[in-house]
Amino acid sequence: MMQEMTPEEIKEKKPYLDWSLSEEEYDYICDKLLHRLPNYTETGLFAAMWSEHCSYKKSKSVLRLFPTKGPRILQGPGEGAGVVDIGDGQAVVFKAESHNHPTAVEPYQGAATGVGGILRDVFSMGARPVATLDSLHFGELDDAHTRWLLNETVAGIGGYGNCMGIPTVGGELTFDDIYKGNPVMNAMSVGLLDVKDMQKGLAQGEGNAVMYVGAKTGRDGIHGATFASHSFDSEHESQRSAVQVGDPFMEKLLLEACLELTQKHADWLVGIQDMGAAGIVSSSSEMASEGKSGMELNLDLVPQRESGMSAYEIMLSESQERMLLCVKKGHEEDVKKIFDFYDLDAVVIGRITSGHNYVLRHHGEVVCDIPVTSLTEDVLEEPSEEKQPQHMIDDAAKPAWEPEITDLAKTYKQMLAQPTIASKGMFTQTYDSMVRTSTVVGPGEDSGVLRVRGTHKGIAMTTDGNGRFIYLDPEIGGKRAVVEAAGNIIASGAEPLAITDCLNFGNPNEPEVFWELHHSVMGIAKACEVLETPVVSGNVSLYNETDGKSIYPTPMVGMVGLVKNLDHLVRDSFQEEGDDLYLVGQTGADYAGSELQKMLTGEIFGSLNDLDLDHIKDYQKRLLAQMEAGHVASAHDLSEGGLAVSLAESSFGHGIGAEVACDLTSAELFSETPGRFLVSVPSEYSAEFAAALAADAVKIGQTAGDSLKLTLKDQAADLPVAELKQIWEEALPCLMKSKD
């Protein structure tokens, strides 16, 4: 075993600089918090807990802008996951997490453990996970390494979720060269619980037991939290040891054991928390801090699968499928019997103490004795300097880009073959979307929808993020992300309830990057306030750059909504011929950052038009009322590719075409003005629908035949649905074939 440095050697050689702890922070810990030099183990604990991934020291100042309260919110940010009341004593529990850095270096395990970690966050609240979603952003598919990364990532997501018996019901997948060296992998999990069973990550009550349950501890993932708080260079393949290894079968056992405990014997329990980033130190210190308690742990008692592990390694290991419990004194054996039944370790490794110190013993020696709050609450915040990106200033001085479309049919077909637009079926078929048979709507539609068993209710869920728009204007782009998510929820006939987020950005020490972070949060916060969708959980992933080149700022918004009656669930496919087609929302010249701009120019540039959030909220509510009255046959949110893509996708489900005649130009057919919907309405409800939506809906045609017959202001086209669908379905399989 390697000889650890002495406190004096640490001060002299500064190994903490490689663990994302700055010299200023180290000196502050020595001089202000401990009044002595920390030893090797203590220094490692501070480095992990003070990393951006655990502490949000860079981003905390802007995260405070988020609205987090509302009449349905039972638990906001700060716990394992957010909890939202859906009535009848039930709640929906959800959270999203990023696993970008691990996925970049070991994509299968990086993605798999991303799913595993977010599932544990949900069942640590006492909820049974019922669904997962993802948000994936990769480089262009002409690169062999990118194709490998994508295949392995999808396999990792599917492999873990399928083994757990939890359906993957939705998500998004986009492609842009900016993500080539640093893909974005965000996972979201949704669970359901009876409100009476809700748990918290809390440790208090002198003498109560700290119990370690689940898999044994190994050396995988050590310093994973600090790894996620660093930028990449082109040699990041060497960092695979920081990636955890998952075992979904072990997690399935852990899930069932934990739910048996929380649902049948909650009176034995004080608190429960997942061992995620920074492993034992994070879960234990956070639980003690939340309980305003002290804690003493004996690391010799921690179940270990490798010999000779140091205290440093035991505390910072991020081995998967582990939970930490605070159990009332006298019930330790009762809890152990539950976990014994599932053949899982369940060991008392410490006790709650009366003081406020965090004490660790290893091989009979005290290897850590520090105030609990020094790890969790005394972190030095580091807001960065800010500067508006120069490209925004330059673009604002230029005339807006106007596309020229000379051949509508050709452009339409090219659009459907774009990787971001094309069918993702070859990837989503990897996922089991129907396991446990609660899935009503699976991948490929605006929202995934699951029934709430024993009721007529459903839960709609979606993930949305478009880095191009955030890059062009972070604040407006942030608003658009929330509006897009709300549009997906509304299109299913659901009421938007709340959001979770993953904030994926570059190096926050760059003033332009921090400006993007700050202003995107401003935009998301504003939209959440207006649309009444508070932020209940989330995650920040910074330092997403390779060799100094940042990804697009890519916040992901995960939204959950309530379908009050599944009889009025709305799908995105045209249902019958002869229904009237309406375009809801006004169409503007919104081409900056659009799929059309990328396709025709190969670049992204320009300025975004702002949104009237109050107006959008108003007609969204009127549209939802029409859906709940049973007046809407189908609805599809308009996003990438605009009305053109939504028309095509709505026709693919049942092969029903449309005859469209409207005042839009060929270019406007591809405009990406946010907040719009394509709605089909049975003729008997058409007049009532038109009256309710008034000037916010215009009739553009009818469903009919087996082709899209378009008569626009400047061009016309007759496009067979079968031909369009073939292009759309075959594009990605063709691109994924080796070109080497």
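Glycine is treated like the rest: Cβ placed from N, Cα and C.
The structure displayed is predicted, hence computed values, not measured ones.
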- [ ] According to Swiss-Prot, Y56, K95, D501 bind ATP; so which of G458, G465, G538 is the extra one listed there?
- [x] G538
Task: Residue from Q199, Q204, Q244, Q620 that Swiss-Prot also lists as binding substrate with S98, H99, N100, H101, R120, E318, S319, Q320, S541 - done: Q244
TODO: Determine, to the nearest whole angstrom, how far the Cα atom of S98 (substrate binding site) is from the Cα atom of N539 (Mg(2+) 1 binding site).
DONE: 7
Task: Number of Cβ atoms other than its own within 10 Å, given for K95 (ATP binding site) - done: 29
Task: Those recorded positions, out of H53, K95, N100, that come within 10 angstroms of D274 (Mg(2+) 2 binding site) at the Cα - done: none
Task: Recorded ATP site residues Y56, K95, D501, G538, farthest C-alpha pair in Å - done: 17
Open item on the list: According to DSSP, does N100 (substrate binding site) sit in a helix, a strand, or coil?
Closed with: helix
- [ ] Measure from the Cα of D501 (ATP binding site) to the Cα of every one of the recorded positions E97, H99, R120, E318, then give the nearest.
- [x] E97
TODO: With a 10 Å radius around each C-beta, find which of these binding-site residues (E318, D501) has the fewest other C-beta atoms nearby.
DONE: E318
TODO: Quick one: of E97, D121, which of the binding-site residues has the smallest count of other CB atoms within 10 A?
DONE: E97
- [ ] Spatially speaking, which of the recorded positions E97, H99, N539 is closest to D121 (Mg(2+) 2 binding site)? Use C-alpha to C-alpha, please.
- [x] E97
